[in-house]
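Below is one structure; the comments refer to it alone.
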Amino acid sequence: MLKLFRETGLRFLWISALAFILDQWSKYTVIDTMSLYQSIQVLPFFNFTYVHNYGAAFSFLENAGGWQRWFFTAIAVVVSVVILWWLKQSPRSQKMLPVAFAFILGGALGNVYDRLVHGYVIDFLDFYVNNYHWPAFNIADSAIFIGAALLIIDMFKNGDKKSEENGAESKAGSANSSETIK
């Protein structure tokens, strides 16, 4: 069992656990110290603003009648199971992708927990410029964003290597087939 954790992407589950714990700790701190819709200015462009999000990212489908709670929960659970399976399958040599998926998993589980326990996601990080406010978000959303950014970086970083490898394999295959034809 320990070998499974040492030799696969499961070795990065501590990142998921840390993201989940930080997310829940921050949300409970907000619940205990702020009232709903209260806003506390931290910097000239950043507030803590306690809100409930019944939808998905950017409050998508927030007023859809309640079915979205279970829909987004189901999606997050399925994605989490797929990520766990993928982490188990990933070899020790891979680093960036398992780390990215570990961040996404921790964030997904943080928001799933909110939906199951509260019926909504607790958001409180509020960035703004003048009167334009970016939609409020939380630590779980940040973990998902970090994971997605790492996936994109890996795609550009390792996509070139894979293209080169595929090109080399293709050339080798062409050379072998032309030798066979002669």
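From the backbone N, Cα and C atoms, a Cβ is placed for every residue, glycine too.
Going by Swiss-Prot, these are the annotated features:
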- D123: active site (ACT_SITE)
- D141: active site (ACT_SITE)
- 173-182: compositional bias 'Polar residues' (COMPBIAS)
- 161-182: region 'Disordered' (REGION)
- 12-32: transmembrane segment (TRANSMEM)
- 40-60: transmembrane segment (TRANSMEM)
- 70-90: transmembrane segment (TRANSMEM)
- 97-117: transmembrane segment (TRANSMEM)
- 136-156: transmembrane segment (TRANSMEM)
Cα-to-Cα gap, D141 (active site) vs D123 (active site), nearest whole Å | 9
Lying 6 or more residues past either end of the transmembrane segment (97-117) yet within Cβ distance under 8 Å of it, the residues of that chain are 8-9, 11-20, 23-24, 27, 69, 72-73, 76-77, 79-80, 83-84, 86-87, 90, 138-148, 150-151, 154
Number of other Cβ atoms within 10 Å of the Cβ of D141 (active site) across all protein chains | 20
Counting only residues at least 6 beyond its ends, the same-chain positions whose CB falls under 8 A of a CB in the transmembrane segment (136-156) are 19-20, 22-23, 26-27, 49, 51, 53, 57, 96-97, 99-111, 114, 121-126
Other than its own, how many Cβ atoms are within 10 Å of the Cβ belonging to D123 (active site)?
-> 22
According to DSSP, folded down to helix, strand and coil, what is D141 (active site)?
-> helix
